[in-house]
Every structure is written in structure tokens, then in C-alpha cells.
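S.K.: What follows is a structure written as C-alpha cells; I'll ask about it next.
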Amino acid sequence: MSNQDFYATLGVARTATDDEIKKAYRKLAMKYHPDRNPDNKEAEEKFKEVQKAYETLSDKEKRAMYDQYGHAAFEGGGQGGFGGFGGFGGAQGFDFGDIFSQMFGGGSGRAQPDYQGEDVQVGIEITLEEAAKGVKKRINIPTYEACDVCNGSGAKPGTSPETCPTCKGSGTVHIQQAIFRMQQTCPTCHGAGKHIKEPCVKCRGAGRNKAVKTVEVNIPAGIDDGQRIRLSGEGGPGMHGAPAGDLYVTVRIRAHKIFQRDGLDLHCELPISFATAALGGELEVPTLDGKVKLTVPKETQTGRRMRVKGKGVKSLRSSATGDLYCHIVVETPVNLTDRQKELLEEFERISTGLENQTPRKKSFLDKLRDLFD
């Protein structure tokens, strides 16, 4: 038995609860299981270490002994007084298959390496218009499919998997550790109860090969940037007939040239001429549904916010719809003709002294006078 600390092996504190230990074990067992890491000796060793740690820490009496005596509790020359624990053999032995049955829906205590497929996470980029109105997208995801040479059996065509010679088909073996007799997953067949003597040359005994699957994603109207869509059963395929995992699609919304989104509302800048700002007028403004008319009142200043009701984004969870807010920017004309310059100069002359026509300028001058008086 390895002398590595069992708690460190599972990555839990010494005060960890039974549920925390079980959760940590499940995660590591799935990560390092030989079926998921074929021909990976390092993963196989890690899997064995995780097994040993869980076999001890999942049993209250064994855990108590380990907490008190460490690894010496399971060695022949350990502390005295352990004879009373001889009952760990036989029916009270550790059944490694139980935990896998709970994890993956197996039946009896026999170890069942039927792993639910992994969840798959992918991202997709859509336009603001698509996010506002909803859209269907087709995406390609990496997956596995049954081997077309062996039809998923993993065995060379013309042959069949044989009963495992090590466990005789039970999927488990018994090992003796000092005074303890424990049951664990068969190291030869990894709990399947069968052994492939002549593996398929294409899938090398796995029964499946890498593939690409096309999935249609229904993106609902009103979805926001960063939200996820879950497609049940569209993730990685299960092993040996277990259910597939789920597919999680994270939505990213491409930056728009005109609009910025804030929840259900949209915002945009609306440039207007200084003549329209002074006299008022009617303008066409863009929305996600096309152009609409907007009346600009006279004497409008830069920074004024005008609302176009109901031209925002539809709510994902209710019948509400946001609004469009146009932020006015009064533009100073450039590249003036001589005639335009003459008219502006004339306008400036006849406006001199009419401070009530420029309230912000008057307020600024009043503040200057107060500052220096």
C-alpha cells in the first residue's frame, strides 16, 4: 500500500464529510479510469491510488483506524488490538462496485464500468439581431461513435469478448491487505467481466472511434451575452451503453456597429445638425426592426436622451420588451463653404448680447464672474 496520505490523494481535508469524500472520489475515478485512459500507465497508477484511499476513508471504522495509526493500521506489524476487526472480511468486505452502481446507474454490487458521457461545453457567436429575435444554429461538436468494424463490441470481427480469466466474469477480485480482505474492481477487465483477447484493429478494443456530430441549437429571443443553453443528452456518449452527457452552449453576442445593449434596452448615439437642434424636426432613426420616425423638439441640447418605446429586446422570461434610447449629439459643421461662413458670422453678430438664447454659456460666464470677483 502506498504511503501517500489518503486525504491528499483525494484532495480533501482530514475533516471532510462522507459526502465530500465520495464526491472527490467520483471525480477522480472518472478522470483516471483505464477505460478513459487506454495505454496510460500513469493514469492507471493514479486510479489505483484513488481506489486505495477511498476504500479506507469511505469506511468509518477503517477511517478511524487510519486517523489514529496511519498506514501502520493496515500493515502486519502495526499496533496491537486490531484482531477485533477481523469481521471486515467476507460480507463486510469493501464492494468497490457499489460506488460505481450509484454513480452510473448500475444494478447489483458487481462493478459496472458503464460511465455516463462527459458534459461538453462549446461557444457560439451570434449577432445582436439574432439574440433579439431568436435563431436556430447548427454547430459541430467532437464526439465518439460505435466502431463500424466491430459494431461496438471492441473485438476483432469473427471473435467475441471472452469471460475474464482473472475475475471469472464477476468484475471484481478480492485482495488481502494485512488482516483485511477487500473487494475491488478487476484490474484485467476493469469491472466488465469480459476480456477482449483479440481487439479490433480500428478501435483497439474501445468499441468506439472519434467523430464529429452536428447539433441544431434553438437560441431563444432575448438571450444575453454569456448565457448558456443546455441540450440534454447531446454531450459525450456514455461507455458500454450508459447515457450520454449534456451539451452546454455558451452564447456570445457580437458587438454591434450602432447599438449597445443594457439588459432589455438598447442605446445609440443620434447625431443631429445644430439647425435641427435649434429649430426641431423629424428624423429617421434605425431600430432592429427597421427605421422609425422620431420628432426632435426645438432647442434640443447634446446629451438629451430620447426614448423609442418598445424597440429594445424582448424578455427571455416574460412578455416584456425593452426600449431604444437615442442619445443626442449636436454636430458642429465642418468643411464650410464661404457662403455658410458668411451666414454664421452674421448669425453671431446679431446674437451678441442675447444671453437668454444661450443659457449654458450665460451660466458659465456667471460662474466665472463669481470665481474672480
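Positions of Cβ are set from backbone N, Cα and C atoms, glycine also.
Pasting the relevant annotations from Swiss-Prot:
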| type | residues | note |
| --- | --- | --- |
| DOMAIN | 5-70 | domain 'J' |
| ZN_FING | 134-212 | zinc finger |
| REPEAT | 147-154 | repeat 'CXXCXGXG motif' |
| REPEAT | 164-171 | repeat 'CXXCXGXG motif' |
| BINDING | Cys164, Cys167, Cys186, Cys189 | Zn(2+) 2 binding site |
| REPEAT | 186-193 | repeat 'CXXCXGXG motif' |
| REPEAT | 200-207 | repeat 'CXXCXGXG motif' |
S.K.: As a test of the contact definition, list every same-chain residue at least 6 positions from Cys164 (Zn(2+) 2 binding site) whose Cβ is closer than 8 Å to its Cβ.
M.R.: Gly171, Cys186, Thr188, Cys189, Ala192, Gly193, Lys194, His195
S.K.: Where does the mean pLDDT land for the repeat 'CXXCXGXG motif' (164-171)?
M.R.: 85
S.K.: May I ask which residues of the same chain, at least 6 positions away in sequence, place their Cβ under 8 angstroms from the Cβ of Cys167 (Zn(2+) 2 binding site)?
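M.R.: Once residues fewer than 6 apart are set aside, Cys167 (Zn(2+) 2 binding site) is near Val173, Cys186, Thr188, Cys189, Gly193.
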S.K.: Against which stretches of its own chain does the repeat 'CXXCXGXG motif' (200-207) lie, if we need a Cβ under 8 Å and a gap of at least six residues from its ends?
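M.R.: Distant Cβ neighbours of the repeat 'CXXCXGXG motif' (200-207) are 35, 38, 146-150, 152-157, 240.
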S.K.: I'd like the Cβ neighbour count for Cys186 (Zn(2+) 2 binding site), meaning other Cβ atoms within 10 Å of its Cβ, all protein chains included.
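M.R.: Cys186 (Zn(2+) 2 binding site): 24 neighbouring Cβ atoms within 10 Å.
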S.K.: Quick check: with Cys164, Cys167, Cys186, Cys189 left out, which same-chain residues have Cβ atoms within 8 Å of the centroid of the Zn(2+) 2 site Cβ atoms?
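M.R.: Here the nearby residues are Pro165, Thr166, Lys168, Gly169, Ser170, Gly171, Thr172, Val173, Pro187, Thr188, His190, Gly191, Ala192, Gly193, Lys194, His195.
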S.K.: For Cys189 (Zn(2+) 2 binding site), list the number of other Cβ atoms lying within 10 Å of its Cβ atom.
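M.R.: Around Cys189 (Zn(2+) 2 binding site), other Cβ atoms within 10 Å: 26.
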